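To keep things clear, I will list the structure first and then write my remarks on it.
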Amino acid sequence: MKVALIVCLVWVMAMMELVSCECWSQADCSDGHCCAGSSFSKNCRPYGGDGEQCEPRNKYEVYSTGCPCEENLMCSVINRCQSA
């Protein structure tokens, strides 16, 4: 009985952690992060660094596979951040 209670408690804590990373819009994310993912599972992710996967910035701030690049970097035609 005690083991089941502990397992349930750990599971609830893990679910709370997952929910805290979810986002619905850019406003839900802290500086240096964007809201990206599928319609059903968006998470705050860090902006892309040099050589990392990216999506070009858009006026709707809707991203599916990754975030735009950090400042002073641009998203290339192969969706990788590089020097501007």
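For all residues, glycine too, the Cβ spot is worked out from N, Cα and C.
Swiss-Prot lists 1-21 with the feature signal peptide, giving sequence analysis as the kind of evidence.
Cβ contacts within 10 Å of Cys23 (disulfide bond), excluding its own Cβ and spanning all protein chains shown: 18. Among the features that Swiss-Prot reports, disulfide bond is placed at Cys23-Cys35 (among others).
The DSSP secondary structure for Cys44 (disulfide bond) is strand. The disulfide bond feature in Swiss-Prot is assigned to Cys29-Cys44 (among others); the stated evidence is similarity to another entry.
Within the same chain, residues at least six positions away from Cys34 (disulfide bond) with a Cβ under 8 Å of its Cβ are Gln26, Cys44, Arg45, Tyr47, Glu61, Tyr63, Cys67, Pro68. Taken from Swiss-Prot, the feature disulfide bond covers Cys34-Cys67 (among others), and the record attributes it to similarity to another entry.
Per Swiss-Prot, the feature disulfide bond maps to Cys54-Cys75 (among others); the stated evidence is similarity to another entry. Taking a C-beta cut-off of under 8 angstroms and a sequence separation of 6 or more, Cys54 (disulfide bond) has the following same-chain neighbours: Gly48, Gly66, Cys67, Pro68, Cys69, Leu73, Cys75, Asn79, Arg80, Cys81. According to DSSP, Cys54 (disulfide bond) is assigned to coil rather than to any helix or strand.
A 10 Å cutoff on Cβ-Cβ distances gives Cys69 (disulfide bond) a total of 25 other Cβ atoms nearby, all chains included. Secondary structure at Cys69 (disulfide bond), as computed by DSSP, is strand. Residues or ranges marked as disulfide bond in Swiss-Prot (evidence: similarity to another entry): Cys69-Cys81 (among others).
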Rounded distance in angstrom between the Cα atoms of Cys23 (disulfide bond) and Cys29 (disulfide bond): 7
Pairwise CA distance, Cys29 (disulfide bond) versus Cys35 (disulfide bond), rounded so that it is a whole Å: 6
Residues satisfying Cβ distance under 8 Å from Cys35 (disulfide bond), sequence separation of at least 6: Cys23, Trp24, Ser25, Gln26, Asp28, Cys29, Lys42, Asn43, Cys44, Arg45, Glu61, Tyr63
